[in-house]
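What TrEMBL records for Asp164 is active site, proton acceptor. TrEMBL lists Pro112, Leu113, Gly114, Ala115, Gly116, Leu117, Gly118, Ser119, Ser120, Ala121, Ala122 with the feature ATP binding site. Under the heading domain 'Galactokinase N-terminal', TrEMBL lists 3-38. Among the features that TrEMBL reports, domain 'GHMP kinase N-terminal' is placed at 84-172. Annotated domain 'GHMP kinase C-terminal' per TrEMBL: 249-310, in sequence order. Taken from TrEMBL, the feature region 'Disordered' applies to 331-355.
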Amino acid sequence: MTVSSAPGKVYLFGEHAVVYGEPAVPCAVERRATVTVSLRDDDHVRVRAEDLSLNGFTVEYSGSTGDRPDVNVPAPLVEAAMGYIDAAVEQARDAADAPDAGFDITVESDIPLGAGLGSSAAVVVAGIDAATRELGVELSPREIADRAYKAEYEVQDGQASRADTFCSAMGGAVRVEGDDCRTIDAPALPFVIGFDGGAGDTGALVSGVRDLREQYDFAADTVSTIGDIVRRGEALLADADPDADPEEALLDELGRFMNFNHGLLEALGVSSRSLDSMVWAAREAGAYGAKLTGAGGGGCIVALDPTPETQTGLRFTPGCEDAFRAELATEGVRLEEPPTNADSTAGDDSVEESS
Ligand code: MEV
């Protein structure tokens, strides 16, 4: 049995524009997906997933996710979750040259699904790491990032950047521009996250921006202006001392750029009433800046505030289901201790219950 985990992320700047070759700066945050993999003696793959905002489901299939679980949750979310796990299994089989390997897989995650915190990337990254290790192959975080990107690219019909998967595999703050992926230094930024309890359809949102960009020059300009903001933002980070608490002047200017970035994403049609109202609640509570994070349409916003005010303000905001502080996750994908015997017996019971 092998257990691996990988963090979720917030976008400080640059989602959507990164799909068109502009730079983006996502930051890994301490909310993790944990994937437990045990090799089977046949070629079947049995998946048990809990805490994915899906009520938990179990499905057994051989080789593909053609068999869908019969559960009372939105089909697109289940399809998406199963598609990512399936793609991770294929990458692991390929990396270990073991096309017929079968696995029992358990996915646990405290990252809400489809909410802009990189849940799918974290599941794919941790899944590839655990499954390849279980087959006796140890990949570097960069190799895992590359394979996880291929998996996401396939599931998202070629509409994925390397940003989410690279960030989850490497941890910390990263900069992604096309195929050029680097880790960068950043101070521990005081992230506060607001979650509306919903999710966006990444594929549809990315397609919507693509159509706008093709149809209108001003939409294409909006996308490249996001790239300009990212370049200005990363220059600020490069000048900051990564080991010291961020200075007020830095937070002030990063916050201003985040506000600008949110306005441009709103103009591109990927915000929503609940995301906008959480962004405004955060600003009114005194956050330095706030923006949606990820594909948008619903899900999460990220704000900068070292005080408790934004979290409290968000908790009283209609449409906000949860608000929490998120530390920068300096570690990306990592091997975890397998559960003790007593833990795994408890796990077996709940497989039966959730199937
Ligand atoms: C989704 O988390 C981020 C997007 O930029 C898509 C991508 O980069 O693959 C919207």
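Please read every residue number as a count from 1 along the shown chain.
Cβ atoms here come from the backbone N, Cα and C positions, even for glycine.
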If you skip the near sequence neighbours and keep only those at least six away, which residues in the chain come within under 8 angstroms of Ala122 (ATP binding site), Cβ to Cβ?
Ser5, Ala6, Pro7, Gly8, Arg32, Ala33, Ser109, Ile111, Ser168
Report the recorded positions (Gly114, Ser120, Asp164) that meet this criterion: Cβ distance to the nearest atom of ligand 1 under 6 Å. Use sequence order and write none if nothing qualifies.
Asp164
Can you count helix, strand and coil residues in the domain 'Galactokinase N-terminal' (3-38) using DSSP?
4 helix, 26 strand, 6 coil
Residues in the domain 'GHMP kinase N-terminal' (84-172) grouped by DSSP into helix, strand and remaining coil:
51 helix, 7 strand, 31 coil
Across all the protein chains here, work out how many other Cβ atoms are within 10 Å of the Cβ of Gly114 (ATP binding site).
25
Mind giving me a neighbour count for Gly116 (ATP binding site)? Other Cβ atoms within 10 Å of its Cβ, every protein chain shown.
30
How long is the line from the C-alpha of the residue listed as 'active site, proton acceptor' to the C-alpha of Gly114 (ATP binding site), rounded to the nearest angstrom?
12
Suppose the ATP site is Pro112, Leu113, Gly114, Ala115, Gly116, Leu117, Gly118, Ser119, Ser120, Ala121, Ala122. Which further residues of the same chain have a Cβ inside 8 angstroms of that site's Cβ centroid?
Gly8, Ile111, Gly294, Gly299
Show which residues of the chain containing Gly118 (ATP binding site), separated from it by at least 6 in sequence, have their CB under 8 Å from its CB.
Pro7, Gly8, Lys9, Pro26, Ile111, Asp164, Cys167, Ser168, Gly294
Which residue counts does DSSP yield for the domain 'GHMP kinase C-terminal' (249-310) in the helix, strand and coil classes, in that order?
33 helix, 9 strand, 20 coil
Among all protein chains shown, how many Cβ atoms are found within 10 Å of the Cβ of Asp164 (active site, proton acceptor), not counting that one?
33
Take every residue in the domain 'Galactokinase N-terminal' (3-38), average their pLDDT values, and give the whole-number result.
97
How many neighbouring Cβ atoms, not counting its own, are there within 10 Å of the Cβ of Pro112 (ATP binding site)?
24
Cβ neighbours of Ser120 (ATP binding site) where a neighbour is any other Cβ within 10 Å:
32
